[in-house]
Amino acid sequence: MKLLEQIEKWAAETPDQTAFVWRDAKITYKQLKEDSDALAHWISSEYPDDRSPIMVYGHMQPEMIINFLGCVKAGHAYIPVDLSIPADRVQRIAENSGAKLLLSATAVTVTDLPVRIVSEDNLKDIFFTHKGNTPNPEHAVKGDENFYIIYTSGSTGNPKGVQITYNCLVSFTKWAVEDFNLQTGQVFLNQAPFSFDLSVMDIYPSLVTGGTLWAIDKDMIARPKDLFASLEQSDIQVWTSTPSFAEMCLMEASFSESMLPNMKTFLFCGEVLPNEVARKLIERFPKATIMNTYGPTEATVAVTGIHVTEEVLDQYKSLPVGYCKSDCRLLIMKEDGTIAPDGEKGEIVIVGPSVSVGYLGSPELTEKAFTMIDGERAYKTGDAGYVENGLLFYNGRLDFQIKLHGYRMELEEIEHHLRACSYVEGAVIVPIKKGEKYDYLLAVVVPGEHSFEKEFKLTSAIKKELNERLPNYMIPRKFMYQSSIPMTPNGKVDRKKLLSEVTA
């Protein structure tokens, strides 16, 4: 697959097809090509001998997509920076990346950045004055050159720049289109901010198939009335989101086939897909295919997938995350560095062309997490799991296991069983510390329909069900009830915010 050529094909074949929609703003494939060409021409003329990455700042504006393509056509990787990212973190990204330029789709609120800033108005001038100019195709990003760099959280407090090459992205996009049976001209949900690599799961599969990206922003998500009004207008056929976001949508009774009658495919990544969420989606969207996938940012979005059916749900209490894409392989490594046999738990290691070339400007971190196995790049994920008959089962983060009163336990396992209880719509387990040790587990629960007059009676009923599924030491000591679970801008459960709320 020639990625950029495939996207540009639609500018010639279906120039008036909408490529991207956000609120009242939209762009066609013709506009996408013309404006990204103009921008690439300007970048090449301003920085003829430079290949430093370019920061792209904004939220869900159509100009974000134009800027991404303009950067790579000029031979520069782009760094998506969402406006929700704190100023200090943006500053660190600018310093770590060595970027010299920032393209902005909206007003930049961060001051004293060590980069040249091109404002929204400046961009419009560039699109106009350089219209009709085409960049030299030889300059475009290719092969093992970086296509994008996404910054993720680092344990040291400094963000890590994950470098994803052109070849990495082509490998992912080709697999996604083929394995998920994506068709030409479909409407894709774009829920994840561009600084979160889940967004890559919809951007490039949509653009290479001549589809339309339907973007929803954080303000819509905060106002359910606006969110569902937008979804009703969208005619989305391919849904890409975290399971948490879908779970939130399922709390609205009208979120069903009647709202989105042409829904074909649900693609989930970024979190564990709870069985209960998958069951509800099958009930509400009986004609749609539900795909559960797995992969870290360092391995280009996702490397495994499985079609979740009623049979799969009946067979497994916790859903498997799928079979590995054909050009990669999975190894399960034991603590002693040997490969675990089928069915035995260990650390998930991903090998193959999806694997990043490492963290930008961080050789020590790169050496710790990445290695070479049989001449191919490999990434040590820090995730626990096992493989049975080629099927990968995810068992949470190795560092997400806690020891409570001498017992080692997986918080995600407890959450799985808690969500399966009657009267529970959503739930998160928060481990509470006393000094340096964990003291007890707190369950934060969004209750479903019930007739209990007192909270303690509801808690007793939930605990009774949990006792049938979990040993006593894994039952949360305390329960807290809320109307919703806080989420990060990326659509994942905001565990830090929850912890600060419950310990305040």
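Glycine residues also receive a Cβ, built from the backbone N, Cα and C atoms like all the rest.
According to Swiss-Prot, the protein carries these features:
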BINDING   T152, S153, N292, T293, Y294, G295, P296, T297, D383, Y394, N395, G396, R397, K492  ATP binding site
BINDING   D197, V301, K492  D-alanine binding site
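Each of the binding-site residues T152, N395 was scored by how many other Cβ atoms lie within 10 Å of its Cβ, and the smallest score goes to T152.
Counting only same-chain residues six or more apart in sequence, the Cβ atoms lying under 8 angstroms from the Cβ of D197 (D-alanine binding site) belong to I150, V162, I164, T297, T300, V301.
A strand conformation is recorded for T152 (ATP binding site) in the three-state DSSP classification.
Among the residues the record lists as binding ATP, namely T152, S153, N292, T293, Y294, G295, P296, T297, D383, Y394, N395, G396, R397, K492, the two farthest apart have Cα atoms separated by 24 Å.
Cβ contacts within 10 Å of Y294 (ATP binding site), excluding its own Cβ and spanning all protein chains shown: 30. Summary for the binding-site residues R397, K492: the Cβ-based neighbour count within 10 Å is maximal at K492. Same-chain residues at least 6 positions away in sequence with a Cβ under 8 Å from that of P296 (ATP binding site) are, in sequence order, I350, Y379, T381, D383. When secondary structure is read from DSSP and collapsed to three states, V301 (D-alanine binding site) falls in the coil class.
Listed in sequence order, F268, L273, A278, G305, I306, V308, L319, P320, V321, G322 are the same-chain residues at least 6 apart in sequence whose CB falls under 8 Å from the CB of N292 (ATP binding site). Taking the Cα atom of each, T152 (ATP binding site) and K492 (D-alanine binding site) are about 14 angstrom apart.
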